[in-house]
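Please read the structure below before turning to the comments.
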Amino acid sequence: MAKDLQVLNALDVAKTQLYHFTAIVIAGMGFFTDAYDLFCISLVTKLLGRIYYHRDGALKPGSLPPNVSAAVNGVAFCGTLAGQLFFGWLGDKMGRKKVYGMTLMMMVICSIASGLSFGHTPKGVMTTLCFFRFWLGFGIGGDYPLSATIMSEYANKKTRGAFIAAVFAMQGFGILAGGMVAIIVSAAFKGAFPAPTYHADALASTVSQADFVWRIILMFGAIPAAMTYYWRMKMPETARYTALVAKNLKQAANDMSKVLQVEIEEEQEKVENVSQNTGNEFGLFSKEFLRRHGLHLLGTASTWFLLDIAFYSQNLFQKDIFSAIGWIPPAETMNALEEVYRIARAQTLIALCSTVPGYWFTVFFIDRIGRFAIQLMGFFFMTVFMFALAIPYHHWTLKDNRIGFVIMYSLTFFFANFGPNATTFVVPAEIFPARLRSTCHGISAAAGKAGAMIGAFGFLYAAQPTDPKKVDAGYPAGIGVRNSLIVLGCVNFLGMVFTFLVPESKGKSLEEMSRENEGEEESGTEMKNSGRTVPV
């Protein structure tokens, strides 16, 4: 019966119009904020080390101990994973719109609170910072399944992939904004409070006002989230949730008539049929879900997990890239604010040249060549470039060959974004039933964040040299960068294999992909066989 509902058919065939772009901006600003909040911490960790872990007489500036660094960088990922599971489930229980506002307010409050982290000791400041960043991540986690689900349920069949990918592409602008804000703030403070290099005067190289810099950068993330709140609350609930989950066809028709600016019948005679139909009421842990969507969920979760191991481990050789090109000189030759400025400038250039273009290539091509082809191609080229970096690794470390290393690195990033980093976000919002769509997207996204934690922190330890005398302070010996890159190449290859479990959804309606008509047709047949004919 879902395929016969006029309100859903109207959404599927609607021409691209203003409300589509409004929805992209409203959902996309959430992702802009997500990316800003998640990635801006990497811009200020070295500054935190200089301020709170300075040791008199040390040859190099203070740095965060490995356990503190892992906590500060990783606690938001832990919160994000929990938030994806919780808010994904809640979005299916309470509705997308009700939960959408909660996640945004949590992000606003915790962004501000992160910058206000208090305490008189390094331990106190780091503990409160980690506490607030966990809950910031919790709110960010909710944005993943809700933004994807809302956009997929608002979009038409023809351009749905591009619209969902455009929401995700706002991540690139969030990363870019993080770098730009850090550049502006650090440059302003650097000009106002000149300081000598660490070599010249270790203590004076970190001015007391530097403590405001990291706080301002973290708190800035609250602004775009707060600006979006009003518009999120004005969005009507999606028609697919209202009609298929809440089973209120009249409200769905009224809401979409205003949005689409067309007359849609209320189809009152179908309300009773929607309420009575039980052919599609199976739960997440049922045999019927396993039969219909078990492999799909395995495919979306495993590919996102494998992708994020590789994607978030790329900071393994980011420091090699930056120092190779001369973007970041040795820490002791700079003061604290100069170091923030240089790191932010490097991240901004990487985002501008490879991260942002990759996202928008996906937006342009996803409804032309399909999700499956883009994901398979992305994993393939990530595998190729990772092995191309790993096998002749010594060759790339020679000074004359480092430009080639930079190009390889940028191409790996490009094909991650013009590839699985976008498609793993899009597909789970399209292939599951309406009443489980947000939950299944949350599970897939949470699997991704589990991979991110392995990638970001497991490989920091794994990439340490095999010689204990050459490891970074506080780290045990590892397997080395070359062997770590070989492992990541294998991870990308596995991602390519698991992609074959994910169906192509290009040009199909959500109800067709989720097979929400299947149970209705079976149910209608059973009723006819029992002597009672019900319209289907």
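Each residue, glycine too, has its Cβ placed from N, Cα and C.
Taken verbatim from TrEMBL:
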TRANSMEM  21-48  transmembrane segment
DOMAIN    23-507  domain 'Major facilitator superfamily (MFS) profile'
TRANSMEM  68-87  transmembrane segment
TRANSMEM  99-118  transmembrane segment
TRANSMEM  162-189  transmembrane segment
TRANSMEM  212-231  transmembrane segment
COILED    250-277  coiled coil
TRANSMEM  349-366  transmembrane segment
TRANSMEM  372-391  transmembrane segment
TRANSMEM  403-422  transmembrane segment
TRANSMEM  442-463  transmembrane segment
TRANSMEM  484-503  transmembrane segment
REGION    507-536  region 'Disordered'
COMPBIAS  507-517  compositional bias 'Basic and acidic residues'
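Two recorded stretches are said to be in contact when at least 3 C-beta pairs lie under 8 angstroms, sequence spacing 6 or more; the transmembrane segment (212-231) and the transmembrane segment (162-189) meet this definition.
Long-range contacts of the transmembrane segment (372-391) within the same chain, counting only residues at least 6 positions beyond its ends with a Cβ under 8 Å from a Cβ of the stretch, are 303, 307, 310, 317, 362, 365-366, 405, 408-409, 411-412, 415-416, 418-424, 427, 482-483, 485-486, 488-489, 492-493, 495-496, 499, 502-504. Here the compositional bias 'Basic and acidic residues' (507-517) has, by DSSP, the following mix of helix, strand and coil residues: 5 helix, 0 strand, 6 coil. Ranking 21-48, 68-87, 99-118, 162-189, 442-463 by CB pairs under 8 A with the transmembrane segment (403-422) puts 162-189 at the top. When Cβ-Cβ distances under 8 Å to the transmembrane segment (21-48) are tallied for each of 68-87, 99-118, 162-189, 442-463, 484-503, the top count falls to 162-189. Here the transmembrane segment (162-189) has Cβ contacts under 8 Å with residues 20, 23-24, 27-29, 31-36, 39-40, 43-44, 147-148, 151-152, 154-155, 207, 209-210, 212-213, 216-217, 220, 337-338, 340-341, 343-345, 347-348, 351-352, 355-356, 358-360, 362-364, 366-367, 417, 422-423, 425-426, 429-430 of the same chain, all six or more residues outside its ends. With a threshold of 8 Å between CB atoms, the same-chain residues lying at least 6 positions outside the transmembrane segment (484-503) that come near it are 295-296, 298-300, 302-303, 306-307, 309-310, 313, 316-317, 371-372, 375-376, 379-380, 382-383, 386-387, 389-391, 393, 420, 427, 431, 459, 462-463, 478, 513. Under 8 Å from some Cβ of the transmembrane segment (442-463) lie the Cβ atoms of residues 66, 70, 73-74, 77-78, 80-82, 84-89, 91, 141, 144-145, 297, 300-302, 304-313, 315-316, 424-425, 428, 475-476, 478-481, 483-484, 487-488, all in the same chain and six or more residues away from its ends. Within the chain carrying the transmembrane segment (99-118), a Cβ under 8 angstroms from the stretch's Cβ atoms is held by residues 30, 33-34, 37, 83, 87, 90-91, 124-125, 128-129, 132-133, 135-136, 138-143, 146, 150, 214-222, 225-226, 228-229, 232-233, 235, all 6 or more beyond its ends.
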